[in-house]
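Visitor: Once you've had a glance at the structure underneath, I'll fire off some questions.
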Amino acid sequence: MSLGAGPEAGFSSEELLTLRFPLHRACRDGDLPALCALLQSAPRSDLAAEDSFYGWTPIHWAAHFGKLECLMQLVRAGASVNASTTRFAQTPAHIAAFGGHPQCLNWLIQVGANINKQDYVGETPIHKAARSGSVDSISALVAHGAQIDLRNASGLTAADLAHTQGFQECAQFLLNLQNCHLNRYYSNGTLNGGHRNAGPNPFSGGTSRKRSFEDVESAGVKKARTEAYSFDGLIPMMNGGVEDDADNMHVDREFAVVSDMNSSSSILNALTNGCAMNGHLDFTAAQQLSGMDTRQEECLTLAPNGIIPGVTSPSRHRIHTSNGTEEPEKAMNNPTDMCGSLHLNGSPSSCVSNRPSWVEDPGDTLHYGHYHGFGDTAESIPELSSVVEHSNSVKVEQRYDNTVLGTMYLYHGS
C-alpha cells in the first residue's frame, strides 16, 4: 500500500486515515496502546511516511495535537525530532508551535529540535506561534534562545505576523521582547545602574566626596550643612584658621527658625547679630543691636586674614577699637576650659563657666562649644585648617565691612 497516494474514491477521510495511516490516526487520537502495538510490528520506514492529506509524518501529527506521550514513543522508536516535510519543509517544532503546545515544544527542544529552522516560506517555529497567537509557545521558544527578529520570505517578523492576524496582545509581547533583544547591551549600562565610573548622580543621593552626616555624627563631630538659612558665610573658627575643603565652609548645625528678627530672642539672632567676647558670643550685647539691616548682618564671615573681627586666636584675645586697631588683652587660659561662657548671659541652661573637672578632656573639639551638663545643646566644631579657599574670598570680602561696623557699634554704641 502506497502511503503517499491520494485519497481514493468511495472512502471518507476518516476511513482512509484508519485504513492506510494507522500510525497517524493513533497519534491524532493520542491512542497510546494502539501506537505502541503498531510500533512493535510496523517497519521503521512507516515512521517517516507522509499522509496524503497534509504531507505529515506521525510525529507531526502528534506535535499538532499536543500528544506528548506519543511524541516520546515515536522518538524512542527512532523518529527524528527534526524531520522535515517534503511539501512545506516543516519540522515537528513548527507544527507544535502553530498548534499552541508549549509542553511539546519544551520536550522537543530538550531532545534536540532546531527551533530556528526556516520552512519553505522562511518562517521559524516562532513565526508559526505568532500566526496562531500562542503567547505560551512564544515564551517557551524565547526561553530556549529562539531568534525573534528573523524575517520570513515576505520580510515580516513574528511580531508583524501576529499583528496581521489580529493578535494584538501577542504582537505587543513580541515587540517588547524585540526591544529588549535590540537593547540588551543596556543590561549592564545606564538603564540598570551602569556607568559607575561616571560619578555619582547629585539627585540620587549617591556617595560623593562629602562625608555623610552619619559618619560625622559617629565621630562625635558635627558636619557642615549647606541648607542652613543663608549661613553660607558663617565659618567655624579653630586656632585662627579654616579648612581648605569647601564642604566645611558652611554652618554645621541647623539653627532655629527665626520668626521675628527684631525680637532678638532666638539663638539665630544671637549668632547673626551678637558680638564676640572672650572667644564666645554675648547674648546681652546682641540684644542691644537694633535698627540695623538684619539682612546685611545675617552672616558672620571671615576676614581676609582668616579671623572674624572681635574673635581672636585661642592663645591671645584682641578687641577692635574705633580706629580700626586691635587692643591686646591678657592672655587667655586654655580655651577648652572656657566652654560655658555661651550660656552665662541669661540662658536658662547656664551652669558653669569652666569645664567641669569630671568631664574628659575634649581636646580641640570644644574650643567654641559649650557644656552645661544636659547634652541637649553642646556642640563640637571640627578643627579646621589654615587655608581659605579662593572661591569664597569674594563673598567674605563683601561681608567683612558690615561685620566690622556691627562689632564697633556693639562695643562703642556709636
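Residue positions begin at 1 at the first shown residue.
Positions of Cβ are set from backbone N, Cα and C atoms, glycine also.
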Visitor: To which of the residue ranges 195-217, 310-332 does Swiss-Prot assign the term region 'Disordered'?
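Guide: Within the set 195-217, 310-332, Swiss-Prot attaches region 'Disordered' to 310-332.
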Visitor: Can you check how the pLDDT averages out over the repeat 'ANK 2' (54-83)?
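Guide: Taking every residue of the repeat 'ANK 2' (54-83) together, the mean pLDDT is 94.
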Visitor: State the non-local partners of the repeat 'ANK 2' (54-83) in its own chain: residues 6+ outside its ends, Cβ under 8 Å from one of its Cβ atoms.
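Guide: Result: 23-24, 26-28, 30, 32, 35-36, 39, 44, 46-48, 90-93, 95-96, 98-101, 103-104, 107-108, 111-114, 117.
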Visitor: If we skip the immediate neighbours and take only residues 6+ beyond the ends of the repeat 'ANK 4' (121-150), which ones have a Cβ under 8 Å from one of its Cβ atoms?
Guide: 88, 91, 93-102, 105-106, 109, 115, 156-159, 161-162, 165-167, 169-171, 173-174, 177-178, 181-182
